[in-house]
C-alpha cells in the first residue's frame, strides 16, 4: 500500500505499508551485508536511522552458514534489523560475473522462506550502450521471469511483496516498453535498474532521461526505486523526477577508500587533514577532528567514516522531505545540480519533458518561486502559466514593456486606467503577465534577481508567437490611447467595474471558462482593511469566493461551488465518486482514492474541485491532492480534502 502525504515537482512524501510495517518516502535503504562480521556500521545505528534496509538473498543462499540461520530464524534475525527488509536476488552478481548459481524461481522461493518483506525477481541487468538486439533479447527474458515470478507467488500464496525491475539499457524506447509491460504486472515496487555504470561515469543526462521515460509508463500508485543510487548529491534531482526509494553500499565502500561524503560531492580524508574541524556537525564530525580520524587504525577510521557517510546521507533525505513540505524542492534541485557540471546536464535535459512533469507539479505552493539561474526558466510553474494564458479569451489586447524598477504585482504599482482592454506586461521570466491576474501564484509570489541580457531575451520567441497568434486583437499605442481617453470620461468610467473585471479574468485563468458573465451586476467585493486587496467576492452579501492571501487563488464557498458547477461543462474540474460515499461527501468528510470512479483528465495537484456523483449531482467541493491519472490509479489515501458538503434538504 502506498499513499501520498505531501508533494512538490514529481517528488512525493509518501507512506508505504508492508506486512504491518511503515516506510516514509523518499528514503534510502542502506545495504547491509548478510554476514554481520562483514558489516562496517553497527546494525543498531541503522535501526535508529532507517525504516528499511536492503541485503543480498543470493549471498545468503550460497553461503551455507548464513543460509542455515536465515532458513531457521529468518532474515530479520540474521541481519538484526527490525523493520522492512528488502533483498536483491543476485542480479548484481549477474551483472558483475555474468552468471549466478540459482534459478529464477529458486530465489523467489528462498526469499519467501526466509521471511523477506520485499523480494526481487532475478532480472537481467543489461549494461549501458549494448546493441539494441542484445538489450531487447535480455528484456524479453526479464519479462518472462517477471511473469513466472508473479505466477509463482500467486500459485503458492506467498506473502512476499515483489520488486519488478525496469530494464532496457540506454535505449529509451526499450525503457518505456519495459515500464509499460512491467507496470501491467502486480508488483508492489518498481526499481529502475542498471543505471550504476552511468552514475559512475557521471552520465547524469542519461540517468535523468531513463528515469523520466520509465516514469511515463509506470503506474503512479506504486513507489519507484532507483537501484544503486547512494550519493546524496543525486537524491534531490532523482526525487524531483519521481523516485521514492534509493539503495547503496556507498556509505561503506567510500569509507573503505577514505572518502568522505557531502551533499555536494566527495572529499578524500587527505584533503581534510589540515582543517581544524570537519565541515559537518554529525555525531562523528562533532566528536573527532580530521587529524584524529587520519591517525586512527584503519578499521576504526573506516567505521567512523562510514557512520559519517550514513549520517550525511540521511540528513540529505530529511532536507528533501522538508523541501517537499515547504514547496521549494526545485530550488534545492537547482542548488545541488550546480555542484557538478555533469549533474547540471541532468537538470537541463528535463526541460524537453516539461509537458509531462508539469502534470504532477502542484498548481500552488507554500513557498514562492525563487529564480536561482537560467534553468529556472524551464520550471513547470512558468510552463503552466504560458499554457494557461490560452484560457483567457481576449477581445482587445495591449502589450507593453515597463521599467525593471517597477515591482510586482504590477497592477498595484502602475497607474492603470480601467477599460475593456487587457493590458499584458512583457516579463523576462513569465513571458507575458496580464494585469488582471498578476496577483496570482506565481506571478507576484516570486523573487527574481537582476538578469543578464541573454536571460531577458529567453521569452522573445514566446512573445512573438503569442502576438502573431493574436494579431487581430492586439492594439497599437494610438488605438490603446483612444480607448483610455474614451473610458477616462466619467460616464464611461462608471460602466467599468475593475474589481469584477479582475475577478472574472482570475476565474477564467484558474478554471478555464467564463464563470460570472450573467451574474456580473449582482456581485461585489470586500477588501482587506490592512492591505486593501480583494479578500471576498460577494453575491447579495453572501461569500461566493474567498481570495486566498498566499496565492490569490479564488477558493469557492458553497455559492461559488454551485456557480462553478453550473458554468463548467461536465466533467471539467470534477471528481466523480462512487454512490457508497455520497453521504460522507455531503457531510464534508474527505474523499478517499478508492472511491473515485472518474475525473476531469486535466486535473493537477492542489486544484479546487467539485465532487459529484455519476449523475453530476454536486455533493461537495474541496482541494484535490492528486492529478487525474493518480486519482484513477491510487487505492489508498485521501484524494480530495473537502471544504464543504451540500447536504440534502
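Note: Cβ is positioned from N, Cα and C throughout, glycine not excepted.
What Swiss-Prot says about this protein:
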- 88: active site, nucleophile (ACT_SITE)
- 123, 194: substrate binding site (BINDING)
- 280, 282, 285: Zn(2+) binding site (BINDING)
- 572-647: domain 'PUA' (DOMAIN)
How many whole Å apart are the CA atoms of residue 280 (Zn(2+) binding site) and residue 194 (substrate binding site)?
32
Given the recorded positions 88, 282, 285, which one's Cα is the least distant from that of residue 123 (substrate binding site)?
88
If you count CB neighbours within 10 Å, which one among the recorded positions 88, 123 has the smallest count?
88
Report the residues of the chain - excluding 280, 282, 285 - with C-beta within 8 Å of the mean position of the site's C-beta atoms, for the recorded Zn(2+) site, in sequence order.
278, 279, 281, 283, 284, 286, 308, 311, 312
Among all chains shown, work out which of the binding-site residues 280, 282, 285 has the most CB atoms within 10 A of its CB.
285
What's the CA-CA gap between residue 282 (Zn(2+) binding site) and residue 88 (active site, nucleophile) in angstrom, rounded?
30
For a quick check of packing: other C-beta atoms within 10 Å of the C-beta of residue 194 (substrate binding site), how many?
29
Can you give me the Cα-Cα distance between residue 194 (substrate binding site) and residue 285 (Zn(2+) binding site) in Å, rounded to a whole number?
34
Should residue 88 (active site, nucleophile) be counted as helix, strand, or coil on the basis of DSSP?
strand
May I ask for the distance between residue 285 (Zn(2+) binding site) and residue 88 (active site, nucleophile), taken between their Cα atoms and rounded to an integer number of Å?
32
Return the average pLDDT for the domain 'PUA' (572-647) as a whole number.
98
